[in-house]
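Q: Have a look at this one.
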Amino acid sequence: METLETIKNLTMTQWSFYAVSVLTLFGALGTILSKNPIHSVIYLIMTFFSLSAHYVLLNAQFLAAVNIVVYAGAIMVLFLFVVMFLNIKDEAPELDNNKIVIGASIVGGTIGVILVAAIRLTESQKIDPSTYQIKTGFIETLGQLLYSKYLLPFELVSVLFLIAMSGAVMLGRKEKGERNF
């Protein structure tokens, strides 16, 4: 009876959260279970869009926009081109070994039990409107944090990206003769 009262008292934001969560789970399951690789990529795009909706519900509009542009836009187009150029057949390899299926079932069941236990043991926090920071999710707050408190890790990550790009250019360059690395 208490569960029914809880469902009746849900706000529109909570209903939106549950609807987007179902959409996210549907997209993730479609990505994994689809036999056609192009359908898997489309389900993954749907998953990224629904994750962006979660960011909007959490008042992180900048992260939602970055998620759509970077993941749902650029990376998913790259995945789609790779799948189309490789001409991957939608044949699933047959599993002759039941040990793989049994092992995957045990691991999945264990993860499910741990997830249910973690959800039941956590207490939901009530948000006090008087102490809530209105600037949560704004890009100005993110910029101030990145360039003050997290300046050193931010710069180290940028150097790491520079090294990765240099390595990719070096590996992709065509040279005459043989390579020595």
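Every residue, even glycine, has its Cβ placed from backbone N, Cα and C.
So TrEMBL lists the following for this protein:
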TRANSMEM  15-34  transmembrane segment
TRANSMEM  41-62  transmembrane segment
TRANSMEM  68-88  transmembrane segment
TRANSMEM  100-121  transmembrane segment
TRANSMEM  150-171  transmembrane segment
Q: With contact taken as 3 or more Cβ pairs under 8 angstroms (pairs 6 or more apart in sequence), are the transmembrane segment (41-62) and the transmembrane segment (15-34) in contact?
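A: Since 3 or more Cβ pairs under 8 Å link them, the transmembrane segment (41-62) and the transmembrane segment (15-34) do come into contact.
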Q: Who are the long-range neighbours of the transmembrane segment (15-34) in its own chain, taking Cβ under 8 Å and residues 6 or more past its ends?
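A: Hits for the transmembrane segment (15-34): 40-41, 43-44, 46-47, 50-51, 53-54, 57.
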